[in-house]
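Listed features, source TrEMBL:
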BINDING   107, 109, 142, 168, 366  Mn(2+) binding site
DOMAIN    192-282  domain 'Peptidase M20 dimerisation'
Ligand SMILES: [Zn+2]
Ligand SMILES: [Zn+2]
């Protein structure tokens with residue numbers, strides 16, 4: 001019997017009830033970047049109860065890796081879920097709402113953790129596969145790069161993982177459908193801060209100063225020409241100014257103004273181009289106004305680029321679970337970012353979206369009214385099990 005065929009509708013129904021319980025517990029107790037102490041302990045407790053072979057804690061601070069060996073030897077396969085919540089006040093009033101004011105699972109990582117636990121529970125009991133599964137429970141996906149922390153902490157040196165797979169629920173994509181494409185799936189995430197330093201003056205005598213606010217206004221508009229006039233129309237880039245800080249009162253021209261924002265691209269060459277152009281424009285505007293510009297540009301997350309072979313395998317597994325008509329093989333990439341990109345830089349991998357439907361009251365990710373759609377827990381767990389079947393089949397069962 002192949003491992004995926006053992007996951008019968010009855011077994012799946014029982015598992016789904018368990019996953020829902022775990023998911024609601026995690027939702028009620030959200031923890032944010034690198035503070036996922038209770039969440040990690042919850043994961044460890046479950047993995048111990050399932051009887052996985054090894055549990056490694058503290059990888060990338062609060063990350064956890066569980067190991068399940070199949071009946072026969074074979075390659076190592078990495079399955080990754082993120083565990084962290086967001087700094088956001090939850091608007092919902094259902095029983096499992098956040099019990100920690102100002103923190104909320106608004107990206108569905110509670111569901112991701114529950115689905116990987118569900119698959120772990122099943123795989124620990126049914127080891128009809130040839131190889132080793134590494135269950136990667138990752139901290140700090142939001143903003144802080146927990147994926148990078150795990151990679152830098154030796155994730156791929158400590159465990160000889162040959163390929164790695166990630167999954168994210170996707171409101172707006174039909175419930176229980178999948179979407180994946182080779183190449184760019186999600187964008188890079190860069191931040192910038194430009195400090196303009198001029199000469200403060202009486203607002204009634206601007207000729208005696210060097211006005212940073214007029215320069216800031218020009219700069220914000222000029223930055224918009226990067227995507228419009230510098231990057232090829234056939235490539236993609238977003239340059240968004242999100243903060244302007246300068247001045248305190250009515251009649252003073254401030255000395256300093258600070259402009260901050262974010263840049264998104266899919267391609268390293270475009271990323272290089274945007275950064276260079278942003279620096280040039282800041283210096284050019286500064287020269288024009290006789291002031292100085294200091295630019296801090298920080299590359300946070302690289303783009304999420306699916307490897308061709310792993311993307312094909314992920315699509316094959318998704319198709320086996322829900323049928324070809326429910327797998328979109330050419331979705332438009334998202335300008336959002338995802339730190340699974342760090343795992344993909346270290347190891348061939350593929351990242352798939354699992355449709356969450358319209359979502360709780362039509363809410364998108366990061367909305368205070370969002371809740372993970374429990375209807376897709378079963379599909380997600382089946383996908384993980386099918387991926388193990390597809391990549392690590394027992395020789396006797398065929399591929
Ligand atoms: Zn998020
Ligand atoms: Zn997320």
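Note that Cβ sites are derived from N, Cα and C of the backbone, with glycine treated the same way.
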- Please state whether DSSP places residue 168 (Mn(2+) binding site) in a helix, a strand or coil. strand
- Which has the fewest other Cβ atoms within 10 Å: 109, 168, the binding-site residues listed? 168
- Message: As a check: which entries in 109, 142, 168, the binding-site residues, place their Cβ less than 6 Å from an atom of ligand 1?
- Response: 142
- Task: For the recorded Mn(2+) site, whose residues are 107, 109, 142, 168, 366, find every other residue on that chain with a C-beta no more than 8 angstroms from the centre of their C-beta atoms, and list them by sequence position.
- Result: 82, 84, 86, 106, 108, 141, 365
- Message: I'd like to know which of the binding-site residues listed (107, 142, 366) lie near ligand 2, counting only a CB under 6 Å away.
- Response: 107
- Note on the structure: Residue counts for the domain 'Peptidase M20 dimerisation' (192-282) under DSSP, helix then strand then coil, are 37 helix, 31 strand, 23 coil
- Cβ density check for residue 142 (Mn(2+) binding site), other Cβ within 10 Å (all protein chains) comes to 20
- Message: On average, what pLDDT score does this prediction assign to the domain 'Peptidase M20 dimerisation' (192-282)?
- Response: 97
